[in-house]
Structures are given as structure tokens and as C-alpha cells.
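Enquirer: Below are the features listed in TrEMBL for this protein:
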DOMAIN    21-363  domain 'Tryptophan synthase beta chain-like PALP'
MOD_RES   K64  N6-(pyridoxal phosphate)lysine
ACT_SITE  S104  active site, nucleophile
Amino acid sequence: MSFSLPETFAKLPRYPLLYPYPSPIHPLPALTRHLNHNPRSAPAVSLFAKREDHSSPLACAGNKYRKLEYIVPDILSNSSLHGPGERSEAKATTTLVTEGAIQSNHTVQVASVARRLGLEAIVILHKATGGGLTASSDKDVFLRTGNVQIARLLGAEVRMLEDSSTVDNSDPITPILEGLRAQGKVPYWIPSGASLHPLGGLGYARCAFEIAAQEKEQLGENGRFDYVFVACGSGSTVGGLIAGFKLLQKIEAQRQDENAERVIGRKVIGILNSPTKPREYHEGRVLNFARRAAYLIGLDPERDVTPEDVQLDDRFAGTAYGELDQTSKKTLAFLAQEEGVIVDPVYTVKVMRGVMHWVQVGELIRDWSRRLESSPSEGRVNALFIHTGGQSALSAYADIE
Ligand SMILES: *Cc1c(COP(=O)(O)O)cnc(C)c1O
């Protein structure tokens, strides 16, 4: 299956890291049956999963590879946006440097891309980020299993930092980059989750077009995924999707003849996985990421992407980032046993909590009737859960009860 992008978007350089076909979408039949027992929820909601954890042959496939596809050309270019910075002569990047929480999936994906490109990788892991390490009863295990083990297997140099900048507001990264330069290396810095990178939102803007192309196959000619539920961590996955769907909606509206039924856009809902910062903080960031991607793909960022397009839900963030609390644990086990699908303990389990709540208590259908501007009496609403990966962290959570 192929799909085409509008010209401005299609011209942006992308280095393939994913399989040359879309990541699969499949129904979640057991979950759909379970959640539609509520008589209040008519019409029924059909649930599907898009498997971003099956998107790439590289280690521990997850959502960061899609973002990195648009960043690699910059890494390889001699006038990169985030690489060696000002310099008199162009030098090729030697070392990718990135950071994350101890069990960061992002750092593993960067380490694996470094291998693919023949570069070194340095991953900086912060012990103070989130609650995973604190909650773990065997800290030694948490610090060497799961993603930490995999980053090392991939040949990355793992540096663990005790603090975080909360202690004295110092920036631990600049001295590391300077140290590498002093050794004659040319580091390329990739911020956490690649979200603050100017190109970080493009991968998921493209993914919106991939999803739209898959709708026909999955749902028939006029079917669409009315709701898309996705994790919001650093924010450019949800931001990119918003930008991509806005561009699609614009194209679809231009194509539509005047007599056709009103097209209702797909609604993206970002589920926050950390209670540390308020929802408004994340909404501001996601709006920026969406607008930055929107600009690059040919939209008018201010007019075409508005604060109303950013919908984040902070009710399922649980006790802390990276902490697998009792409710999340139950959700993880439920999905494993009913559906045979494993979600990750940090992000997708919280998205699942959100999806289940939205459907089970009828919030999704209420929202749908508001958007339809009438009471839906029949038919189905389709909701897509984006499985962004991350299961490789699970072994670090083995002892948590
Ligand atoms: C990084 C990550 C996310 C969050 O994506 P952002 O773009 O940072 O919001 C979600 N799920 C998994 C498994 C991740 O590794």
C-alpha cells in the first residue's frame, strides 16, 4: 500500500529507518467486546491498535524511529541544525548524544540508529527523572536490565547522572559536548524524545497520512478513525499527528464537492503519563511542536493549527512518570490476558487506561454527539490506539508488586 504526500511535504529529506510498508493496524476484539457492555454507549465504539512497536527492524521498535527518519539527513549533512554548531570547516558527525530517564526507550532507538549509521552513541540517563527507580525494590536490577542492558548491547556508552538540574539548575549536557569536542569528536545532540529538535514532529505528521491510507483497507471506503489516542511524553508524537491530520483535513475539504456531507476531522487525544508538570504546560509545548511541523509541511501554522486542536488528558498519569502503580498494573495484565497484547509500563499502559475510561463511561460517545451536532443513534465510532512501543523496559519492572 502506498500513499502520497503533498509536494512541500514530500520534498523534505527522510532517511528510511522503518520497514518500507506501514506499521500494521489491527482490531482489538476482546477489548471492544468488554468495553461495549455499557448500555449507555450506543453506538458501539470499535477499537483498533496501530503497532508502532512493529514499525522497524531496528532494536526495540517504537515511535522514536519515525521521528529520527527526518533527523538523520540533518545528522549526515554538513550544515546541520543541531550538530557541531558554528565551525569554520564542515566536519562529519562522529557521535550521537542524547538523554532520558533510566529506562528511556528513546535512548535505545538513538543508540541503534548510531549503529546503523556507523557512529558512536553516548546516552545520558538521569536517575532523578520520574519515579521508576525510587519505586523499585531492587535498584541494582532497575539500573542494569531492560533498556539499559539493550543500550549497552548496542555499543552505546551509558553515563548515569545522579542529580538532575533541579538541584542547582546547572546544565549537565554542555560540558559533556565540550569534552567530546576537546577529544576531536564531532557530537550531534538529540534532545530528550527528539521533541525539541526542529524536525522532531515531521515523522508523525507523515504517520497521519499513513493512517488515513490504512483507513480504507481496515474500515471500507468511507470509514475513518474518528479518535486517535496516543501517549504524550515529550510531545512531538502527538504534535506531529495533529499537524498531519490538519493538513489532511485541509486537502480533503478542498477536494470535497459542496453537496457532500460535512466531513468531521479525526480527533487526536494525547494522554499524559507524568503528573509533574501541569496540563497547560504540555498543551503549550504540543501546540508549538504541531505548529512547527505544520509550517514545514506547508500549512499556515497560526491559522491552520489552533489551541483547540490540542487535546490532552491528564487524568491517567498515575502517581509518577515511570512508576507502574496498581491501576496501571491491572490494565497491563488485563490487556495481556484478554487480548494477548503487551503494552509498556511507562506510556502505553496509561494510554490504555485513558482509552478504556473514555469508552466505558460513555465520554467518547458524548464527545462524538457534540461533534456530530446530533444524537448518534446507530453505527459505529472507530478509535485507534497508537502502540508506541516500550515493552523492552518491562524486565526492569519485574519486582514491582
Ligand atoms: C517516547 C515514548 C512516548 C512518548 O512520545 P513523545 O513524542 O515523547 O510524547 C510514548 N511511548 C513510548 C513507548 C515512548 O518511548
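Including glycine, each Cβ sits where the backbone N, Cα and C put it.
What you are looking at is a predicted structure, and each value in this text was computed from that prediction instead of being measured.
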Enquirer: Measure from the Cβ of S104 (active site, nucleophile) and count the other Cβ atoms within 10 Å, all protein chains considered.
Expert: 30
Enquirer: Do me a favour and check the Cα-Cα span between the residue listed as 'active site, nucleophile' and K64 (N6-(pyridoxal phosphate)lysine); whole Å is fine.
Expert: 11
Enquirer: Please list residues from the chain of the residue listed as 'N6-(pyridoxal phosphate)lysine' whose Cβ is under 8 angstroms from its Cβ, counting only those at least six apart in sequence.
Expert: N105, H106, Q109, V110, G193, A194
